[in-house]
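Right, one structure below, let's go through it.
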Amino acid sequence: MKNKLPPFIEIYRALIATPSISATEEALDQSNADLITLLADWFKDLGFNVEVQPVPGTRNKFNMLASIGQGAGGLLLAGHTDTVPFDDGRWTRDPFTLTEHDGKLYGLGTADMKGFFAFILDALRDVDVTKLKKPLYILATADEETSMAGARYFAETTALRPDCAIIGEPTSLQPVRAHKGHISNAIRIQGQSGHSSDPARGVNAIELMHDAIGHILQLRDNLKERYHYEAFTVPYPTLNLGHIHGGDASNRICACCELHMDIRPLPGMTFNELNGLLNDALAPVSERWPGRLTVDELHPPIPGYECPPNHQLVEVVEKLLGAKTEVVNYCTEAPFIQTLCPTLVLGPGSINQAHQPDEYLETRFIKPTRELIIQVIHHFCWH
């Protein structure tokens, strides 16, 4: 039972020492099976029922759901098990060895966000789970850093409907109730190659893309004018042109040009709406040059997310922390968990440490995080 659990710092150390990198590049991508096994064993030791769920379409990735208590509702504490890859040349410490120095715990995943599971396990030492009046669930997901496949699949397949959920991403213990989404597309134009000495015998894809970009930039301006959410520091949907490539020689008519772009929609904007706006913007080019322009997703889209500001979860957490909820521009798994129940993003560590060399979590977060976890379990599972 509880006395089987290693000390907090040893749990943390074991999590960091177990690599679980997710990457779109197969050579860097790793299974999270070993980490899931670690977590599953610890939660079983605490008396939880544990289910391990293979995630389809991934390279041997798994979700874990640990549950205890009976009845409907309850609380879900969630987080992802994977980390981003690391740049060996920029780290001054071993990313897989937990190192404590000057009030900081260094290691890959200390803040983002394997460490959150160490906080949950440690807090449960002081919770009598036999007295829960509502269930407590712990969800550990796969591939948040790439496709969010774990959270997507869990949300699509589970019958659970907790009263509320908290995702322990690093927010410096400032509660987050909304964020923008993310859509990334490849705009591809197929021209007709030819010698540059006779332009009429070809179709220059770069010139067509130049025309398309003009329409896309007009869409960017329209998004800024039509949609507003003043709580965001950037209070409108953003559109960015991030990458372009076309042609292969100065004396050849360009046969193909490809542009990568993204849109970060506000909460409430649908993918159908956004895709319609993009297709409408590009319609003049498509109509003039039939069959030459295509639009494809680069990554599965992430919707915007918002927890109602007057929900009990928001009121309880704001009261416990003495802090108002915030909105942020980055993305999390919250849109998918929010389909099950009202969800907040709230956890130890700073988002500024996410994806950084020499990632760390400040030890000043240890005590308040532990106390907060105990308090929310008491509030949502004991009453």
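Cβ atoms are placed via backbone N, Cα and C, with glycine included.
Going by Swiss-Prot, these are the annotated features:
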type     : residues               : note
BINDING  : His80, Asp112, Glu169  : Zn(2+) 1 binding site
ACT_SITE : Asp82                  : active site
BINDING  : Asp112, Glu145, His355 : Zn(2+) 2 binding site
ACT_SITE : Glu144                 : active site
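If you measure from the Cα atom of Glu169 (Zn(2+) 1 binding site) to that of Glu144 (active site), you get 11 Å. Using a 10 Å Cα-Cα cut-off from His80 (Zn(2+) 1 binding site), the recorded positions that qualify among Glu144, Glu145, His355 are Glu144, Glu145. Within 10 Å of the C-beta atom of Glu145 (Zn(2+) 2 binding site) sit 19 other C-beta atoms, taking all shown protein chains into account.
Summarising the environment of Asp82 (active site), the number of other Cβ atoms within 10 Å of its Cβ, over all protein chains shown, is 27. Note: the Cα of Glu144 (active site) and the Cα of Asp82 (active site) are spaced 7 Å from each other.
His355 (Zn(2+) 2 binding site) and Asp112 (Zn(2+) 1 binding site) have their C-alpha atoms 8 Å apart, to the nearest angstrom. Geometry remark: Asp112 (Zn(2+) 1 binding site) versus Glu145 (Zn(2+) 2 binding site), CA distance 10 Å.
Figure note: comparing Cβ neighbours within 10 Å for the binding-site residues His80, His355, the maximum is reached by His80. Cβ-based neighbour count (10 Å, all protein chains) for Asp112 (Zn(2+) 1 binding site) stands at 27. Around the Cβ of Glu169 (Zn(2+) 1 binding site), 28 further Cβ atoms fall within 10 Å across all displayed protein chains. DSSP assigns Asp82 (active site) to coil in the three-state reduction, placing it in neither a helix nor a strand. Glu145 (Zn(2+) 2 binding site) carries neither a helix nor a strand DSSP state and counts as coil. Under DSSP, Asp112 (Zn(2+) 1 binding site) is assigned to coil, being neither helix nor strand in the three-state scheme.
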